[in-house]
Every structure is written in structure tokens, then in C-alpha cells.
Amino acid sequence: MDFLTGEIVGILLFFIGLFGLMTKKTIVKTIMSMSIMESGIFLFYITINYTEGSVPPIGQTSEAAFADPVPSALMITAIVIGIGVTAIGLTMFMHYKQKHGITHWSRNRNQQGSGH
Amino acid sequence: MKETNKAIYILRILFAVFGAFVVIFLFLNHSEKIDTPLMDYFTADFLAETGAQNAVAAIYLNYRVFDTLFEALMLMVSVMEVINVSWANKHAEQYRFEEADFNRKNNSEIVIRMVGIIYPFVLLIGLYIIINGHVSPGGGFQGGAILATALITRYLVYPNFDLDLDMLERLEKFLFLAIVTTPVLYVFMQLQPADTVLSHSIYMIFMNSLIGLKVFSGLSIIFYRFVFYEGL
């Protein structure tokens, strides 16, 4: 199972999210697809530059090589921003739903159901 | 019409699969091995330079503190959006506490008992993770998220909206002001005492507490605003 590293799974998750963005016409599903793409990017970055047997970068012990702390520190920032983006999207969706009755990215207002 | 839709659907599936294969192929076969100058610089001597034993905390509180500033700004902007761009501010004025509704939601005895036992420990582990963020895994963001789950469990036990969200929002703005001023004075302008061993760790603990409280108030506001409209 050497093939299934975190980077590969991250790329696959990204393209699953892209597929959802392309095919689904429901606004909530679009927001969910964006979240899936985000998690793919997080996974890709967190597992990048991993070497076997490295220790967490805590303390000043130098028996083994440190793991790379830079992607983790970047992804802390990105995760919080992802929460903010999701919250903004859901709030705007609720606003449009109440004001115009729109739930789909479509000119036809009367679409219902989950097949879109 | 239906067959064209089906053909487009299959085309999209093929596009996604093809894209994933191209990216994985390029990543596996032609990815360039680059040196890690940033990692070498950050992990060389972070304990003496920043006073943090955790290299991640050293990066986001000292080396790359700009990231933290703008991330805090981003969270605050999204919280302001959630509060203000909301269709049902009228609903907020009409809301009344209804006894029957309250009793209907509040019917799980097991959840109430267990949450009553767990509640202080959740607060305790949140504060522990915030305060020890610079010597162990953890930090302000993680601890703040754990503290926010305490308020979420409060909603499970006592589904009422008497929480003062305006006060929390004002608190968040003040905390953001403090988060901006502290690194500007301490890191950028270098207003440090001669012996920086103690002041570095005080700075780390102070900044982690500020960030933790800010993330806590932001996530609580988002959660309560969303749950306020449930069932509408």
C-alpha cells in the first residue's frame, strides 16, 4: 500500500470536489464540494515533505530529523479561513433562499429534488 | 435532450478522472525535489530565538506573524458577515422563549447528565491546550475550537438564546485589536527587555490566549447564528 500516500489521496479528493462542482446544481452541494476540495488541499500540504522516522518539531532534541513544520503552520491558517468561507457561503445561501426562493444554479426556478 | 445530458455527464466524469490521472502521473514521475531552506531556517534555533519549544507555534507567532494577523482579520470579517448579512434579523426581534418548545427539545436525560459531568473537563482541556501551546502540540486555534464545543454542549442541554451575542462580537473586536498591537510592539518594533528568556514565553502565552479567546468567540457566534434559524 505504498502507493496510497497522503498526497495521492489529497489529489483524488480535490478532483472529487471538482467533479461535484461541475455536475451538481444545488447550491448547498456546491458549498460541500468546495469544502471537499479544501480538505484535499489540506491533506496534500500536511503530508508533503514527509521523511520516514522524523520526529515532531518540539523541543531541541536532535537525535532524529525534525518533520517539516512549515506546511502545518500554513495549514492552521488555511483551515480557519476555510471555516470562514463556508460560513459566508451558507449564510448567503440562506439569505437568497428566503428572499428569492433560489436553491439551484438554474434559470428554471421550480427544480426540486436531489437529482441535480 | 436527455441523451445529450447523459453524454455531457459522462464527459464530465471522464474529464475529472483524466485530470486526476494527469496530476497524479505528473506528481509521481516528474515532481522536482526542492531543498527546504525555510524549514532549515525555522528549525535551526527556534528555541533561543523565539522562546517556543513548539516549532509550529514559533512560526505562526514569531517568524510568520503576518499570517496570524490576517487570518484573525479574515475570521472576524466572516463573523461580521454572518451577523449582518442575514435575512432574518426581523426574526430575531420576534423571537420569544416558548416553554412547550423548550420542553420538547429538552427531553434526553442521558445527554443532560453526561454533559453535566463532561462540561468542566472540556473547559479544562481547552485552557490546557491554549496555555501549553508553545511547549507541546496545541495552540490558540485548537484550544479555541475546543472551548467553543463547550458552548455547543450548552446548547444541547439548554436550547435557549439568552446568550449575549453582541457582547461576544464586541469582545472579538477588542481581542483583534490586542492581537494586532501585541506583535507590532513586541516583534516588529522590538520593544523587549534585555533578558528575553522570560518575556518571550510570556509573549507566547499571551498571544495564544488572545487567539484562543478570539477563535472561541468567533466559532460560538457562527454556531449560535446558524442554530438560531433551525426549523425555519
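A Cβ is built for glycine as well, from the same backbone N, Cα and C atoms used for every other residue.
Fair warning: this is a prediction, and the values are worked out from it, not measured in the lab.
If you look up TrEMBL, you'll see B:7-28 (among others) marked as transmembrane segment.
Among the features that TrEMBL reports, transmembrane segment is placed at B:69-89 (among others). Outside the transmembrane segment (B:69-89), and at least 6 residues removed from its termini, the chain residues within Cβ reach (under 8 Å) are 165, 169, 172-173, 176, 179-180, 183, 211, 214-215, 218, 221-222, 225-226, 229, 232.
Sequence annotations record features per position, and here TrEMBL assigns transmembrane segment to B:110-131 (among others).
Across the range of the domain 'Na+/H+ antiporter MnhB subunit-related protein' (B:112-220), the DSSP-based residue counts are 87 helix, 0 strand, 22 coil. Taken from TrEMBL, the feature domain 'Na+/H+ antiporter MnhB subunit-related protein' applies to B:112-220.
Listed as Cβ neighbours of the transmembrane segment (B:143-161) (distance under 8 Å, sequence separation of 6 or more from its ends, same chain) are residues 95, 97, 102, 105-106, 111-112, 115-116, 118-119, 122-123, 125-130, 133, 208, 211-216, 218-220, 223-224, 227-228. For B:143-161 (among others), the entry in TrEMBL reads transmembrane segment.
The transmembrane segment feature in TrEMBL is assigned to B:173-191 (among others).
Within the chain carrying the transmembrane segment (B:203-227), a Cβ under 8 angstroms from the stretch's Cβ atoms is held by residues 50-52, 57, 61, 68, 72, 75-76, 78-79, 82-83, 86, 126, 130-131, 133-134, 139-141, 143-145, 147-148, 151-152, 155, 161, 163, 165, 168-169, 171-172, 175-176, 178-179, 182-183, 186, all 6 or more beyond its ends. The transmembrane segment feature in TrEMBL is assigned to B:203-227 (among others).
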